[in-house]
Every structure is written in C-alpha cells, then in structure tokens.
Amino acid sequence: MKIVIIGSGYVGLVAGACFAETGNEVVCVDNNEAKIERLRKGIMPIYEPGLDVLVKTNLAAGRLSFTQDLSEAVRDADAAFIAVGTPPRATDGHADMKYVYAVARSLAEKATGDLVVVNKSTVPVGTGDEVERILRAAGRDIRFSVVSNPEFLREGVAINDFMRPDRIVIGSEDEWAREIISRIYDAGAFEGVPILQTSRRSAELLKYAANAFLAMKITFINEIADLCEAVGGDVRDVAHGIGLDSRIGEKFLNAGPGYGGSCFPKDTLAISKTARDYRVQLRTVETVIQVNEHRKRAMALRVVDACNGNVRGKTIAVLGLAFKADTDDMRDSPAIPVIQALQDFGAIVRAYDPEAMDNARAILGNVEYVNDPYDVANGADAVVVLTEWSAFRDLNLQKLRSRVRLPLLVDLRNIYDEEAVTEAGFEYWCIGRKNTGAPILSQSLAAE
Ligand code: UDX
C-alpha cells in the first residue's frame, strides 16, 4: 500500500518507519525543512532506541522517503495518516486542533484520487467528523473516508509498542476504509494482534480513556506510597501484591515523583475538558490531575526534609532530567517543578542526564549541567534521583559517596536497594518505603 504520513514527530516517524518495515511504501511529510534534510541523511530529530536503524534500512530499501511537498507525497496514495501535534491551548487547556484541520484542508485540495484519511494523533471526540466535513466541503469528486486509528506507543520502547501492540484499534464508519487499514497492517507482520473495529467516536474516546486510566493507576500508587511511609509499609510489596490480581495487573504501579511526558498531562486535561463540554464531570480524572500537579512540587520538600529542613546555599546534585528513562524528552518532566522549587528554596542545582541535557538547557537555564554522573556529585550536599535510567542503577555507590560533601541520597524513583545504599555510607530517602534518614512527614501532609 502507498501511504503518506503527515507530521514527523514521535508518532509520525515511528509509524512511518514501522509501516515501511512491514512492507508498505511510505512517504513522511513535515513542514520543517531542516528536519526533512536531516532525516534524508538518516539523522533522527529525537532519541528513540532502534529508530535510526529502522529509518536508515528502509530509506536504503527505497520503502521510506521524506519530503516537504504534500502534493507530491499524496499522489496515488491509498491512505494519509495525520500525525501532527495537538498541544493544549494556553488559554483553556483544550487540545489545539489547528494543525490537524490545516492538514485536512491541504489533503482536501491535494488528493489525486480516493483517499482514506486516518487520525493517528490523539484527538478529541468528534475530530473525525470535523475532518470529514472539511474534506467534503472542498467539493472534490473524490471518495474520502475518515478513520480513527489511535496509537498507544510509549517513548523509549516505541518500536516494540508499534510492532507488537496489545491491540490495533480501527474506528471507522465504512467498510472500504476498514479494508484499506487492515491491509496496511499486514496480517503477517501483526499476526496474533487483536484488531478492534469500533465506531470512529469510540476509537477517539478509547485513546483518552486508556491514558486517563493509566495516569489514575500511577497516581493511586503514589498516594498508597505516601500511606506506606506513614504506616510503615513497603509500596513495592503492596504494588506487587495488588498487581498479581489479574483484574488489576502489575504494570504501571511504580511509585515515583508523579507522571509527566507529552501525553498523560495533556490527555487527562483534554478528556476532562471534553467531558465538561458534554455536561459530564469526570471527577476521578480531575482529581488525578490535581494530585499529580501537587505531587511534583511536593517532591522538592522531600529533598528539603532530607537536608534537615533547609537547602538555602546548598548544592543539590540531580541525576536524571527526562520525564522517564530512555528518552531525551523534557516535556512536562517532573524534574522541572522539582528543580524550580529547590531553586526557589535557595538551592544551587547541578544536573546530569544521559540524553536530555540539551533539551533541559532550553527550559532550566540556571542549572549547572555536568557531563558525568559522578562529577555532578562533587561536593554536593544531597544527590537526588529524578529519572530511572538503568545507568544510574549500575553506578558505583562507593565512588559516588566519595564525591559528595554530605551523604544524602534522595531516590524519587526507588531504583536502589537500601542495603547497598547504606553500605556505601549514604542516608537513604526513597518513596513509599522505610527511610534510613530522619523520619519525614508524608509529602502530602508536609505540603499542606
Ligand atoms: C504514554 C502511554 O503509555 C502511551 O500508551 C501513549 O500512547 C502515550 O503516553 P509515554 O508518555 O511515552 O507513553 O510514557 P509512559 O511510559 O506511559 O510514562 C508516562 C509517565 O508516567 C512518565 O512520567 C513515567 O515516569 C510515569 N510512570 C509510568 C510512573 O510514574 N510509574 C509507572 O509505573 C509508569
């Protein structure tokens, strides 16, 4: 099948490379000239394990190409996937659909024959109807059909999530479009993957509901972690124990500094706004948003507690800036409010991240960036882990201890074993477990 993918961000690029890998002819379109030039040379705009190899192989095989020219790309295409951004509007938090609709208008004008238009971006319920209206309004003698085919990929494991998804959702109102999309997802490559056919609106809603549920699951375990600290439990055991119930499931029960990233914060906000527009209140989701917002800054108070109630003039070494491991993405990273709060309390912040420092510089200008996880700790009054990079798990804690001024380790990702940390001579503050340092208040109470 010949397909065009408009928008070469995370979703577009991964989908493009994977669809090419599974035998389709794929043209990726983006209006950023520099990005397209670099992609043609196999240089990735983002850090995503495995993506560069996949792009280079498929470029070389002639199945994948990059262009700025939508007219050329869409010629004789069977389907066009819209994978442009839907950022929250600064004014009201609603997903801003202007990029999606602009693409729809271009497609309406430039399509050369019957075309299935697929929304791959996470879009509010009803977007498919609006895209269809735009396509029809052009009055062309062409058959258009609009499909919602949401993407569930996680940064860092995006290729695997795309190639081996838990399910493929095809939300469509017509048989012809369903047939085209089913052929794009080659039966051989996606063997055994459940394909869920739904109405377009159900597919649109399903994506938001999935992300809201996962955000709720994380927020729930974060609150249970607070309770574990208060009553003397271990959140890892509690999470494991409840997760073994197949109705709950073990994944996404790692307590931490609050969820971040380009999806959960944006999508929880968007679904709650949409609900209100339809006179429905999603109270659970609204509460999740509030609790998570509050948690990120409250995490800074743990560091303050560990530093005996005062960080003024103290040097805090931060390990990890990205919103999670295996990405350079800083969007809505919990590291941002935590670091800003520490600076507000008078701390001097130094940081190291294996991949995200370039992106972090643009957001957190007054942080000293250090290119080595040990050097960042030189003379520090506390070390704070904010991202669960596996390289941090493998650090030589004795060596780290030899660099710091005060041996305080605040692990907001629970990556260390307390015995190893205390053996190395650190006092250890972590999440939802016994802390070896001075007893601290649960973060929720401390923040009030
Ligand atoms: C998410 C969804 O998982 C994916 O299906 C959707 O398509 C896009 O949004 P992503 O944002 O890449 O993917 O990251 P994810 O791995 O889901 O993590 C999101 C946030 O939750 C991160 O800040 C992460 O650190 C946090 N998290 C995740 C936890 O705090 N605990 C967990 O157990 C899992």
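Cβ atoms here come from the backbone N, Cα and C positions, even for glycine.
Within R331, R350, R361, the residue that TrEMBL lists together with D30, K35, T86, T122, E155, K266 for binding NAD(+) is R331. For the substrate site that TrEMBL gives as F152, L153, R154, E155, F252, L253, N254, A255, G256, G260, K324, the extra residue drawn from K98, K207, K399 is K207. Here R154 (substrate binding site) comes close to D161: these same-chain residues lie at least six apart in sequence, with C-beta atoms under 8 angstroms from its C-beta.
A 10 Å radius around the C-alpha of G260 (substrate binding site) takes in none of the binding-site residues listed as D30, K35, T122. Of all residue pairs in F152, L153, R154, E155, K207, F252, L253, N254, A255, G256, G260, K324, the annotated binders of substrate, the farthest apart have Cα atoms separated by 24 Å. Across the structure, E155 (NAD(+) binding site) and K207 (substrate binding site) place their CA atoms 16 angstrom apart.
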